[in-house]
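Asks: Can you read through this structure? Questions will come right after.
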Amino acid sequence: MESLRLKTNYRCVPALQQFYTGGPFVVSSDNSFIACACGESIKIVDSVTAALRSTLDADSESVTALALSPDNRLLFSSSHSRQIRVWDLSTFKCVRSWKGHDGPVMCMTCHPSGGLLATGGADRKVLVWDVDGGYCTHYFKGHGGVVSCVMFHPDPEKQLLFSGSDDGGDNATVRVWDVSKTKKKNCIATLDNHRSAVTSLAISEDGWTLLSSGRDKVVTLWDLHDYSNKKTVITNEAVEAVCVIGSSSPFASSLHSYKQDAKKRSGSKAFYFITVGERGIVRIWNSKGAGSIFEQKTSDVTASIDDDDGSRRGFTSAVMLPSDQGLLCVTADQQFLVYSLECTDELLQLNLTKRLVGYNEEIVDMKFLGDDEKFLALATNLEQVRIYDTASMSCSYVLSGHTEIVLCLDTCVSTSGKTLIVTGSKDNSVRLWDSESANCIGVGIGHMGAVGAIAFSKRKRDFFVSGSSDHTLKVWSMDGLSDNMTVPFNLKAKAVVAAHDKDINSVAVAPNDSLVCSGSQDRTACVWRLPDLVSVVVFKGHKRGIWSVEFSPVDQCVVTASGDKTVRIWAISDGSCLKTFEGHTSSVLRALFVSRGTQIVSCGADGLVKLWTVKTNECVATYDHHEDKVWALAVGKKTEMLATGGGDAVVNLWFDSTASDKEEAFRKEEEGVLKGQELENAVSDADYSKAIQIAFELRRPHRLFELFSELCRKREAEEHLDRALKGLGDEELRILFNYVREWNTKPKLCYVSQFVLFRVFSVFPPTHIVEIKGIGEVLEGLIPYSQRHFGRIDRLVRSTFLLDFILSGMSVIEPEAQPTESKTKLLLQSDIHIPDTENDIEERDDSPEITASKKRKSKRSRHGSHKKVKNVAFNRVESIPLQA
């Protein structure tokens, strides 16, 4: 058997994040990304994998409108703050912003040329802006209510702008505006046919038919030659979006091959369009016919009830994807559904090719599916269970059937090879699902309260156990399960017991199917013998309710997680507490065994995930990758990959990185040895530039200081140091400043640090240094110590002046000769050699007097100034000339 290796580290991969909370969105022209409103921010996500590319934080108000430039370089946004912002998507920074409306901007669109931006607001105005200048070019008034949609004509030569509004009462209009500078009359036409808010506008491929949809359950076709009403199509549902199908798209190809429709088509000017609305179904219409030529049979979205007006809301928007990649529909529960149309056996079939979930709300439970663990089942605050592909984290399918929120789930592979899912819900029922067909194959009714805990058997896999808020524990049999089932059969309870005094939060089945353990809010965990649910032992000791229970895969013990912030291991034989793990700062919500029962993974309301070693009671690692409570924890059986989810609607996948971390550490150690030898070789060769570079790579500040101090004693120190500094990047410069800051705090090392600082500011301009990220804090730490060092040097210099004065007074040193005195001496010397007879005679006359005075002075100094001092061997002091 392979030796057991304890895990020391996990690598977290954020697999699923919320990116859309409802509201505006926009798709790029090449369908590479989607910009979505997510609360107060804008998320840029990949349109294939929904991976988050960037987050744009605008302001503290929710986003109300979005638009993209035709070249996908600029993103326009607005929020309830009425601020219109322009974002550069190459740098993800706001390049300009302005205000123009008196109310929130409800819609916006960009001109096909990219030079103009049109906005419609709640102030009943439509404004056109110059994108580069940010000034208003057109100011349109005339709507009687909130402007709900705006659209430029797709042909740049036709300078037309269309806007739709809800004018209040039973009136809604579409207005056509002329944005060219040649026309004096701006409003060309007012199209009045809708009786409720206009929700969407579209233009036919030839550019001469305008389609408008509204919540009055009609779609109107307008002739742009004379702005007359060509046709009114009654849809019998509130239409949220209308899209025109291009003649070259796969949708049109499938429709042309549809024989029944080919007979109905008359004329070459007919075109197809799609409508979506409150019923949550997709319908296709012909512009020449009165009825729909295709209607989706079943909806892929559960229509919810709008609390404001009581209407049903299925789809909220739709758009035809560019590059003929299908139809994108957005649901009221923040899902992006991508459809493709196929014609098979003279029948049209609409296929759901992709499902991206923008918001999962709170994740309450999750489990891996199948032996290969390629799928992950999630229970959120919804009536459905969503199944995700762990590779792309796109929602593969949804299990719908419960009428209330799903609280718990479990998965297993049956003896026949089927992957089964069992769920418990607030509707007091349990349901059994076949993951391959995504159908419900069994329903169990019998609990009188919400089912909050459920678990499959581990060995035979022919039963499962459920716990409810009615304090009872039930064992359900799966004997009636067959391979070919079309109608769900009624599950029967084999045994029932009133297990606890409060709600049951968790149940677990032993690996040999002989025991079942239940954890309750009454602060106890009970072990029951199967199949009759006979009490075996009760675990008492937790001070708060128990949230999770799990059997050890190898020992006769149970692990429990409680609201008292502890994890405990209990012996089944006598019910004693064997070990207690403390470390969480809030309630522990899940605890599971890993590494064949030698380690435990726990998660809690503090948002932390912890890895424990059972033998030593040691917390090996702590991870903080969630911003809210971590309710759900799943462990893969084969790979022991972890998955966590919680109140922040984020799903993180965790991979064991123990082996890779050891390999990486060994590789770094080996590289360090080689680099160290290379460093010593460079020092011995006096190649200080290379030595400094290697010391930076190895992150050895002490060796780096030794190199700098050695360079300070060299004659060509500045040249070597400048050459080494020029090869440093911004990150290495920041690290160097950190090192210098530490050296500068010590008086013994400050001389080297100041020398390095002087050379750094000589090589790099201060403007470049200030732009380095995080350098401000480092410079603030350098200033006080540098001031202290320079103050100390100033005091030393002033002390030397005092010493000079004392020595001069003692005639030990001679004061510096003044420049004027030296000049006088030079002049006197030059005057002696000038041939002047008068001066020569005068000098001869005065010379005896000068020599006589010199003799008297010398005698006086020789006899009068010399005094004898006792006990001094030599007391003659000679003056020391002070060199300049």
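A Cβ is built for glycine as well, from the same backbone N, Cα and C atoms used for every other residue.
All annotation found in TrEMBL is predicted automatically rather than curated by experts.
Heads up, here are the entries from TrEMBL:
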COMPBIAS  837-848  compositional bias 'Acidic residues'
COMPBIAS  853-870  compositional bias 'Basic residues'
DOMAIN    677-810  domain 'U3 small nucleolar RNA-associated protein 13 C-terminal'
REGION    837-884  region 'Disordered'
REPEAT    56-97  repeat 'WD'
REPEAT    98-139  repeat 'WD'
REPEAT    191-232  repeat 'WD'
REPEAT    399-443  repeat 'WD'
REPEAT    444-486  repeat 'WD'
REPEAT    497-530  repeat 'WD'
REPEAT    539-580  repeat 'WD'
REPEAT    581-622  repeat 'WD'
REPEAT    623-654  repeat 'WD'
Asks: State the non-local partners of the repeat 'WD' (581-622) in its own chain: residues 6+ outside its ends, Cβ under 8 Å from one of its Cβ atoms.
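Replies: Hits for the repeat 'WD' (581-622): 4-10, 544, 547-548, 550, 552-555, 559-569, 628-633, 635, 640, 642, 644, 646, 648, 654.
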Asks: When you scan the chain for residues with a C-beta under 8 Å from the repeat 'WD' (56-97), skipping those not six or more beyond its ends, what do you find?
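Replies: Contacts of the repeat 'WD' (56-97) (Cβ under 8 Å, skipping residues fewer than 6 from its ends): 23-30, 32, 35, 37, 39-44, 103-110, 112-114, 117, 119, 121, 129, 131, 134.
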Asks: What average pLDDT does the predicted model assign to the domain 'U3 small nucleolar RNA-associated protein 13 C-terminal' (677-810)?
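Replies: Here the predicted model's pLDDT, averaged over the domain 'U3 small nucleolar RNA-associated protein 13 C-terminal' (677-810), is 82.
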Asks: Going by DSSP, how much of the repeat 'WD' (191-232) is helix, how much is strand and how much is coil, in residues?
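Replies: The breakdown for the repeat 'WD' (191-232) reads 0 helix, 27 strand, 15 coil.
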Asks: Mind checking which residues of the chain, 6+ beyond the ends of the repeat 'WD' (444-486), have their Cβ under 8 Å from one of its Cβ atoms?
Replies: 404, 407-416, 418, 420, 422-432, 434, 492-513, 516, 518-520, 528, 530-531, 533
Asks: In the repeat 'WD' (98-139), how many residues does DSSP assign to helix, to strand and to coil?
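Replies: Tallying H, G and I as helix, E and B as strand, the rest coil: 0 helix, 24 strand, 18 coil.
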